[in-house]
Every structure is written in structure tokens, then in C-alpha cells.
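What follows is a short report on a single structure.
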Amino acid sequence: MDSSPPNTIIEEAPPRFSELKPPLSEDIIEALDRSGFEVCTPVQAETIPFLCSHKDVVVDAATGSGKTLAFLLPFIEIIRRSNSYPPKPHQVMGVIISPTRELSAQIHKVARAVRLDFAKCREVEADMNTLEEEGANLLIGTPGRLSDMMKRMEFLDFRNLEILILDEADRLLDMGFQKQVNYIISRLPKQRRTGLFSATQTQAVADLAKAGLRNPYLKCEADQKSSQLVHLLIENKNKKLVVFFMTCACVDYWGLVISKIPSLKSISFFPTHGKMDQKGRDTALASFTEASSGVLLCTDVAARGLDIPGIVYIRSLAIKDREVLEKGLKAFVSFVRAYKEHQCSYIFSWKGLEIGKLAMGYGILSFPYISEVKQDRIGIVGFTPVQGITFEDIKFKNKSREKQRQQNLLARKDKLQQEKRGKRKKSSKEAVDDSNKASRKRKLTGRQRQTIQTAQDEEEMNLRL
């Protein structure tokens, strides 16, 4: 009989406040211990590190989840780190907007229980004369009261505000406070941290998040970028967009692929890159500028100095026809090489590039040979080669190109057979020539070596296909 214990699910213990990264200050930890707060709730464990790391947050948090401390503790930590510490009496460093006076009073009570003697926390429902005389560094109130106070009280200084919190954001909008909330946001500095806490994530909350967050972005996996690009084009088919690609080969490939998608047939595409002749580039740019809608596909040849009116989006990325297959391979290899050699290595991190997923996003059927990629990395998680396809059977739609390909294919096969039979033996003169070639190769410049390597890679890919 098997005496091994049954499978059990081991739940990870919630972290303590002293274990959070980046760490909270020692005196904050001591104040929490005195108040009986030692272990984080899930909301606190997820939210506090983000806010303390200069990130905006949108949090799905119900009542009783510990969200009040989740935004109060980062505020305290942020103020202590700021250049304005200690703040002046009327220097407002944080604003917390809540839907009701009762909730504002509750937040104020928690803030007074855990705050340190570094700032004045004030509920705006308090006596205005007291507020004017003593000032406040953290304001907590309803949208109506806060917006009215901001209009009338010029003595409060919001220029160095560090954090804005919207508590119960869904209720704020349901109760008709959107106008006041928008006014408050418009009066505050854009360089701040913003936190939206809501029990439900409605479309109105999402719209408010877009308005309140600064420099927003969505993280997209490498194998999903192509589908997200198509989605963006469909959603904005009557507008003007610019899509930047890493290399000229990428422009050629994606220009060919997306123009054949049925749902994008009504969109005009204008490809341009540095390997096109000047007349072709000028024609593409002029046509795109004059068009009422369309998509400009380009490399950095169009990154500077162009003034094209009406552009809504600028996007950077990062049919059974052999032309698509070969252009896809060339585009993928050129992207990988350009990514590795990019000067901005902090952003274009070679070690962090998910090559397998990237290949899936490019529609690669079988992983090609790339000199920059070690062979043991080809089996990276995320790439699944297509089975049951003979690549030699994929033909060009263009009959003349297909005829030439067949001739080249036969020539390569004959060459390989001759090499296998040993009919091609090097003479002593050829050996000397090879030695001279190796000597000359060592004297080549980096660009020359790269050109030779590219040609060799393309030859290798042709042999594999």
C-alpha cells in the first residue's frame, strides 16, 4: 500500500509589513506594530509595493479588504522620501476623494491612528477657519466639498502634490460626481501617483483610469502583438495611424501580410523604408499625408522631422504563398539581429527577449538558423513548430519566380550530392586561397562581417527550406 501522504495545497502565508519590498521605514513599522497591524492583507501586499515604486494602480477591492491602509501607508512613505519633507503647513502632498462624508471620517480616523508626527491630516468637512490657520498636508473629503474648497482657498499649495486616491471610484461615478472629480484632477500636477480603488470595475471606472493615469500602457506578449496590431487597425480603420517597425524587412513582411487580411481590405497601407528609392518614399509619404485615413508602415526613416496632420495613433511593433514565407523569415531574423545590436540595451534587453513567442507572432512555421541565437535556446518555451508541412512544396504564386526557385533548388541538390560523394576536393592552390580569404576576413570591418554573415544565414535558411 502506498503510504505517501495525500496531495495537499499549501497556501503561502501572507507577508508581514516588515517584509515588503521596497521596505517601509522603520518608524512606520513600529507605528503599525503599536496599532496592532503586523500582517498584510492581499490587497495591501499587492498595492503598497507598486505605489511606493512610483506606479499608478487600479485596484479591485471590496469593503473590509484593508484598502485604507493600502493607500495611507504609501502616502506616508512617499512624503518621507520627497524633496519637500518636512512639508510646510499649507503644502498639500496628498488628496483622498471618497463618495460620502461618513467614509471620509472613517479614513481620517485610520490616518490619525497610524500617522507619524510629520504632517497634518485634515478632513475638509472641518472648520474652514481652522484649516486656514493650521493648514493641512493630506486632504480627505467628498468631491463636492474638495472642488469647492479648491476654488475658494488660494492659500493651499498643490504644486508639490505626490499622490491622489479615489476611494470607491465606482460609487463616486454612480452618485454623479464625475464633473467634480474631473475638475479636481485638472487642478492637480500631472507628475503624481494615482490610485483608483473600486469594488467593481465598470466602463466608467476604466474611462476615469485612462484620464487619471499618466503614461499608461498595456503589456502584450510577443506572440500576441500581431493580433493586437490587427485589432488596433480594425478599431481605427477610418483614422490615420503610423506603425514603426525595427527593420526594412519587417515593413515588407507585415505590409504584405496585413494587407491580405479580409477585415482590413478597406484600409489603405503606405509602406516606406530606407531601402526604397527616394521617389517611392516621397510618393508613399505624400499619399499618406493627403489621405483622410490610412496606415503608414515605416522604419525610423520617418521617425524625425515629418509633419503629418491628423494622426491618431503611433504604434511600434515592438496566404499560402512562398513570398510570405520567405519575407517572414527574413523579417524575423532581421528583427532579432537588430534587437540584439540596438544601442539602447536597457530597453531592448537581449536576455529578456522571448524569441519563441516572437517567432509565433511572426507566423514562423519552423525556427530558422540564426547565428546570434544559441542552438540550445531554439527550444525555448513559447514556440511550437508546424507539423505535416513540406516546406519545399510551398510555391510562389508568381510563376516566373517559382520556375527560378525550382531551378535553384535542383542546383543546390546537385551541389550537395557532389559534396557527399567527395567529387569536390580542394587542391593545394584552393587551400592557399582559403587561407588568404581567412586572413582577409580578419581584417574586415564589423559592417562587412555582418553583411557576409547575413548572406550566409540566408543561404543556410534556403537550404533548410
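Note that Cβ sites are derived from N, Cα and C of the backbone, with glycine treated the same way.
Looking at the stretches 11-14, 167-170, 199-202, 395-398, the one that Swiss-Prot records under the feature motif 'DEAD box' is 167-170.
Cross-referencing 17-45, 365-393 with Swiss-Prot places the feature motif 'Q motif' at 17-45. In the three-state DSSP scheme, LYS67 (ATP binding site) is classed as helix. Ranking the binding-site residues THR63, THR68 by other CB atoms within 10 A of the CB puts THR63 at the bottom. Same-chain residues with CB within 8 A of the center of the ALA61, ALA62, THR63, GLY64, SER65, GLY66, LYS67, THR68 CB atoms, the ATP site residues themselves not counted, are THR41, VAL43, ALA70, PHE197. Within the set of binding-site residues (ALA61, ALA62), the lowest number of other Cβ atoms found within 10 Å of a Cβ is recorded at ALA62. Sequence-distant neighbours of the motif 'DEAD box' (167-170) (same chain, 6+ residues past either end, Cβ-Cβ under 8 Å): 67-68, 71, 96-99, 103, 107, 196-202, 204-205, 208.
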